[in-house]
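As recorded in TrEMBL:
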DOMAIN    A:140-203  domain 'CBS'
DOMAIN    A:204-260  domain 'CBS'
TRANSMEM  A:286-306  transmembrane segment
TRANSMEM  A:318-342  transmembrane segment
TRANSMEM  A:363-383  transmembrane segment
TRANSMEM  A:389-413  transmembrane segment
TRANSMEM  A:425-448  transmembrane segment
2 protein chains.
Amino acid sequence: MQFEITKEYIEKIQQLITEGKNETLQHLLEEVHYADVAELITELETDEAIYLIKLLENDVSSDVIAELDEDDRENILKGLSSKEIAEELDELDTDDAADIIGELSEKQKEEVIAHLDDVEHAKEIVELLRYDEDTAGGLMAKELVKVNENWNVLTCVKEMRAQAEEVTRVHSIYVVDDNDILKGRLSLKDLLTTSTRSPITDVFIKNVDSVNVHEAADEVAKIMQKYDLEAIPVVDEIGRLVGRITIDDIVDVIKEEAEKDYQMAAGISKDVEADDTILELTKARLPWLVLALFGGFVSVSILGGFSEAMDNYPVLFFFTPLIAAMAGNVGVQSSAIIVQGLANDSLRGSLFKRLIKEVLQSLLNGFVLAALLMSAGMFFLGFQFKVGLTVAISLISVIIIASIIGTFVPIILDKRGIDPALATGPFITTSNDIFGILIYFLIAKLILGF
Amino acid sequence: MQFEITKEYIEKIQQLITEGKNETLQHLLEEVHYADVAELITELETDEAIYLIKLLENDVSSDVIAELDEDDRENILKGLSSKEIAEELDELDTDDAADIIGELSEKQKEEVIAHLDDVEHAKEIVELLRYDEDTAGGLMAKELVKVNENWNVLTCVKEMRAQAEEVTRVHSIYVVDDNDILKGRLSLKDLLTTSTRSPITDVFIKNVDSVNVHEAADEVAKIMQKYDLEAIPVVDEIGRLVGRITIDDIVDVIKEEAEKDYQMAAGISKDVEADDTILELTKARLPWLVLALFGGFVSVSILGGFSEAMDNYPVLFFFTPLIAAMAGNVGVQSSAIIVQGLANDSLRGSLFKRLIKEVLQSLLNGFVLAALLMSAGMFFLGFQFKVGLTVAISLISVIIIASIIGTFVPIILDKRGIDPALATGPFITTSNDIFGILIYFLIAKLILGF
């Protein structure tokens, strides 16, 4: 059932563009879903893409433009005049139109808005531009179906038919009073099964979840997931219905949150993709590497401080990468579990209980690993018992400390209102490298007394 | 608008349970959403939770049970008889019921199915149990509204009313022929705006996306996201309509995929949560730590092999954690970018181009970091120029190699049908530690000639 964009297909399209065979192109793309056209567009050269966008009917090209990545869209919009952009936006729902306008320069923004044909639509888009994109207001669309609580079912159906023309998909019918205050919702099912003369007041569901227009986007996502909602009405400070958010927008929020956490854990500080430029990729990666480098300098100094151990116990220095790696891995594991727990609101119990749990768990992991280390060390690597014991005890201590740091840094960050995901990745590995090596040599000095 | 479960609220509920004040409890929980009851349940002791579940009406308690985490649900179902479980499942949609039955032991599964009251419902649940949970069949529900293409709008509306009784939310009305072959779908909007005598054939949308019952769950998620679908019909091998998948199930798939990738990057091999037992957490974490330990042994051996360098250049050994950390961090960054690109199908261009890009990017990062290292090393740490140069050249080489490994290991895994996310985390850091240290000392030997 899925449309596959092959190399041959792309070449064919490119040839038709070169030859200017507009009718063949239009005919060929008529049956193709806008999401597939968007995918095709990203495979073309920018001038070819612009040619195609201009060729398509506005109701298709606008959806294609809305579907594109921000970077791809930017390239294409550069090839369109403000009037042409406005024509595309006239076809889009207010939320998509507002998102696209929000990406334009201040100057172009004004020009495009001035060119919008439908004044009502333009007013709604301008209203949406006022909200921060990470809030309910930034996610919502103005398109919705609403009825007055004083109507009867027949009036409702008539009004809904008119309103539904403007709305792509009817999720819910919202019920408001004369002041536009949200009162409840009407299910299509009830509407189908009720006598046309019943007053709406008898039919509608009075208890309806809603969010305030300033609610944070990730909070909206949590609410919609928890209560399994496919759409949620958005109200202003005094309870007036101002828009609605649908689940497909929330899917994007969830994906972005997850990608951001993942990138932070991997030490990438900006939202980048494999196909971004080398400079963009470097900007996202280099800061973390510089952090790791400075962390590395600290461990160089620590090791330098213990250089007297080299005379009698050179083998200690062979173990530093092992100790550092274990500290890093344990720390990342602990913090990842906490970061996910915080994201899902599933962290329960007191901090003290959590501390005990981490220590017990680390002891269990630590003893298993230390036993492995001792046996492997003595049988295969053949080093002294005393050195083996030193490394083993250090390993257990380092694992305990690393897991405590890994557990509590994200909790502390979260309490201070900082994204706990920041703690994972290079931050934890670097600090645990340093603590790990320091603890290791302190214990070695205590036991071996160099 | 959100319900907040406070400590006081939990204590109140617990006291009412102890005192056996059933009516007060029922009255208190009447207005509470099942998702909130589920949250409350997880805060109670198991016997209190079971008491509450038994007290609630089946239509509420069944939703509560479906909402719980698998672990919490297991505990509670242990306290219910097979007949009681069957009574709960009778209230649930087929997909949720099948998921819950799938978690039971073989013996209890049969008992529960035998106790299901509604034979039609039971048959559908048994059918769903046949499908792998990671396929469209495993995600779909049997509840849907379908009409025959030969009916007219009036018959449709009548039939739909009857069918809609069984279905919680009507997403789409599917159109089938006499053999149940999916022909298209009917929009509620069109139905509202068409004369009742029109034949369905004139109204319905012939082009409808559908997925095969054996399609992989993540593929279904991609299709639904790409085409912005809120529900998709599922067909069998010969095109018969067998069920439908809704976007809320897909939200779960997306979240689970993202969490799995994140956990893999953090070196956690099973789906665990912060509140799992110590043993479960250890099982998920220890395998990766053992891998890292064995990787550590390899680096110990490599360093041991270069021990002659200790006489003249002891400072080289102080830099091993720094080199290893940089290799690990660069490798994880590279593989995370690739893993996300693969997950989003956004990786374009040839492997050769990607190789060139990684090398150029690494050179850029490498030179900046090497310059920092040289200046810091000479001014603050005060080591010889030759040693500084050695470390700097090694650093650049290690960054290049680590980023190439980080880029291509996930690509190769993906081509072989293995989850590329496996490459991130401890796997990449450990192998890059080893390669990093080896390259470092080989270059040092070449330049310094010990």
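Quick reminder: no glycine exception, Cβ is built from N, Cα and C everywhere.
Where the annotation comes from TrEMBL, it is an automatic prediction and has not been curated.
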Fill in the blank from the handout: DSSP composition of the domain 'CBS' (A:204-260), residue counts helix/strand/coil, works out to 24 helix, 16 strand, 17 coil
Exercise for the section: Report the listed stretch (A:363-383, A:389-413, A:425-448) having the maximum count of Cβ pairs within less than 8 Å of the transmembrane segment (A:286-306). Expected result: A:425-448
Completion exercise
Averaged over the domain 'CBS' (A:204-260), the pLDDT of the predicted model comes to 90
Fill in the blank from the handout: Note: vs the transmembrane segment (A:363-383), the recorded stretch with the largest number of Cβ pairs under 8 Å from A:318-342, A:389-413, A:425-448 is A:389-413
Practice task
Just give the helix, strand and coil counts over the domain 'CBS' (A:140-203), going by DSSP.
Solution key: 21 helix, 17 strand, 26 coil
